[in-house]
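Colleague: The domain 'CSC1/OSCA1-like N-terminal transmembrane' feature in TrEMBL is assigned to 5-167. According to TrEMBL, the transmembrane segment annotation covers 6-27, 97-116, 146-165, 358-382, 402-423, 450-472, 484-505, 512-528, 552-583, 604-625, 631-650. Under the heading domain 'CSC1/OSCA1-like cytosolic', TrEMBL lists 188-344. Annotation comment: TrEMBL describes 357-624 as domain 'CSC1/OSCA1-like 7TM region'.
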Amino acid sequence: MILSALLTSVGINLGLCFLFFTLYSILRKQPINVPVYSPRLFAERKTQQQDYFNLERLLPSPGWVKRAWQPSEDQLLSISGLDVVVFMRMFIFCARVFTFASIIGVCVLLPINFLGNQLTDDISNLPTKSLESFSISNVNDGSNRLWIHFCAAYVFTGVVCYLLYYEYNHIALKRIAYFYSSKPQPHQFTILVRGIPNPAPSGRTFSQIVENFFTEYHPSTYLSHTVVRRTNKIRSLVNDAEKLYRRLGHLKSVNSRQTSKRDGCLGLFGRKVDLVDHYEKKLEDIEHNVRLEQSSFAGEEVPAAFVSFKSRFGAAIALHIQQGTNPTEWVTEKAPEPKDVYWPFFSASFIRKWICKIAAVVAYIALTILFLIPVVLVQGLTNLDQLETYLPFLKGVLRLTFVSNLITGYLPSLILQLFLYVVPPIMKAISSMEGYISLSQIEKSACTKLLWFTVWNIFFANALSGSALYLVNVLLEPKKIPSLLAAAVPAQASFFIAYVVTTGWTSLSSEILRLIPLLCSYFTRLFAGKDDNADDFEVPCMPYHSEIPRVLFFALLGVTYFFLAPLILPFLLVYYCLGYIIYRNQFLNVYAPKFETGGKFWPIVHNSTIFFLVLMHIIAIGIFGLKKLPLASSLTIPLPFLTLLFNEYCRKRFLPIFKAYPTECLIRKDRENQNDPTMTEFLEKLSTVYQDPALMPVQYSRSADGRSTPLLQPVDV
């Protein structure tokens, strides 16, 4: 009878549909000879495309699951890097946490909640009981059974903290081992110097000032430098040329179509011209303009330079010691990898950077406030009485069981998810305005912004009825926060269970199915006449800024609802188990890393989990107070302080390793490279490796078969 009530409460029909869709996605064969499903293998020429239709691809087969499971963590590290390992360790950590939580929650807390009679539901009509009957709200006020929830909160906190310590230590050791095993990298020997003093009084260039300064104060370790130049105009010309080159290549691949137009307004007036000849001439003109701009850039330096040193330890000394008496001059920061550099913001002035930072903060706040509108809409759909009041003509339809389950269970999560799809690119655009010099910094900033945006707008706004004024009143009366959360959060358990199923499970299914990329690839080949060619095929990179917040948000739901409504825990455990194997497959076959942070995303995971635990403790204090068990409420107060104390220990113990490598590691690695015969050649290349791609030599020519070669190619000089 309990199982019947559970299935009815969560909407068995919709649950089975999503489960079937997810299982089909998992068991469906992953055709590695289709570029959409294995772009990484296709670009690396480890597989070949098959154009013929094969029905066998659509038949269920778990073979790809075995292939994704087989590689060890060290093999995954060598293939994709430490960031991928950290991402997968996040799934392992969450799976371990919610395996323990599911055992305690489902086997101990759930029966205790159900056997209470605080709510007025009739136990004889079990299948119609609401989901609140399985939450802590159904336990009688003042009942001694609440002490089991109190003990569960303490035990769960201890287990989570132990697993956090274990993972932090494991990843820190992996980070050191990854550094020792890595080949010499340019960013290990290079720093970025900003705030170079104005050369106008001395009549020297920025390049001369940098060379004189580091030759004088770092004579034994200084190697070379590259001054950053303003290249906004050149970069714009290069982008136009690349678009034109792709368009020209497309025209040459569709000889059967019309390749002429009129050169007048909107292509409707003027004389007819051949498009291929027209674009080739236009491309040559752009190439000429690029070369002219590059030749005139001798004096367009900006007060920033990449300075390289002969050793990693020499670079670390220059990085961590103030260089000049004026702290606003000779400001140093760690240089990113050459392929990770974000060039557009180097040309921005000091005033423009500050204005952009302020604009980014304002945009973030505005987006957070505006997003309350769809949250209010979603909350309206979860309340049938409110819908019947505003839409009385739908009263008869809304009383149908299937319709009411669809509107209150599935539709709100779907609407919320549709609005959430536009948020990650907006967050990334906002972060790119803040003056970061690397793509990885932009990604981390967008990840943090989206995480707290999701926590505020999806968790708090939904839990607290989605009223902006009500949320402000809560913040103005902090003493009432525990009781308000204790009253509001358990009531939204059914919504968040539906959210896990509709958003979590389906996101995994869409990740493995890759339906949108498949449709885009199909229509591109159908209407644009393009083929998937490994020469110009772009391998996607993992969108950490959107995926990490999503995974952590489900962890928030699991931690906060652990003792409030433990029915959500099995759904989360299924999500993390499926996600582990699916993302393993994606990293092996689909995604290729664009940058490597060395595992710096893990502190975000750790700090977020600490916040989730403290939030659970605050809710526990409030719920025990509402349940007329003041002693349990008082004894819970030390728990958040103990958790924060543990977090402070981890911050002192592990965080410095993620900020910079210690002297022991740097000197040991430098000594290992002293006998490396390739180091001389490597150090010689450091003087050019940080050259702006917009200043690379331009080459455009025709091969013997009449086809165009790429516009931009590095030319050996």
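Cβ atoms here come from the backbone N, Cα and C positions, even for glycine.
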Colleague: Hey, which bits of the same chain come close to the transmembrane segment (631-650), Cβ under 8 Å, at least six residues off its ends?
Modeller: 146-147, 150, 153-154, 157, 161, 164-165, 168, 606-607, 610, 613-614, 617-618, 620-622, 624-625
Colleague: At least three Cβ pairs under 8 Å linking the transmembrane segment (146-165) and the transmembrane segment (552-583), pairs spaced 6 or more in sequence?
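Modeller: Between the transmembrane segment (552-583) and the transmembrane segment (146-165), which are separate recorded stretches, there is contact, as judged by 3 or more close Cβ pairs.
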Colleague: Do we see three or more Cβ pairs under 8 Å linking the transmembrane segment (484-505) and the transmembrane segment (97-116), pairs being at least 6 apart in sequence?
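Modeller: No, the stretches stay apart by this measure.
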Colleague: Cβ under 8 Å, sequence separation of at least 6 from the ends of the transmembrane segment (97-116): give me the contacting residues as numbers and ranges.
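Modeller: Tertiary neighbours of the transmembrane segment (97-116) are 2, 133-136, 138-140, 143, 145, 148-149, 152, 155-156, 159-160, 163, 555, 558-559, 562-563, 565-567, 569-570, 572-573, 576.
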Colleague: Please give the average pLDDT for the domain 'CSC1/OSCA1-like cytosolic' (188-344) in this predicted model.
Modeller: 79
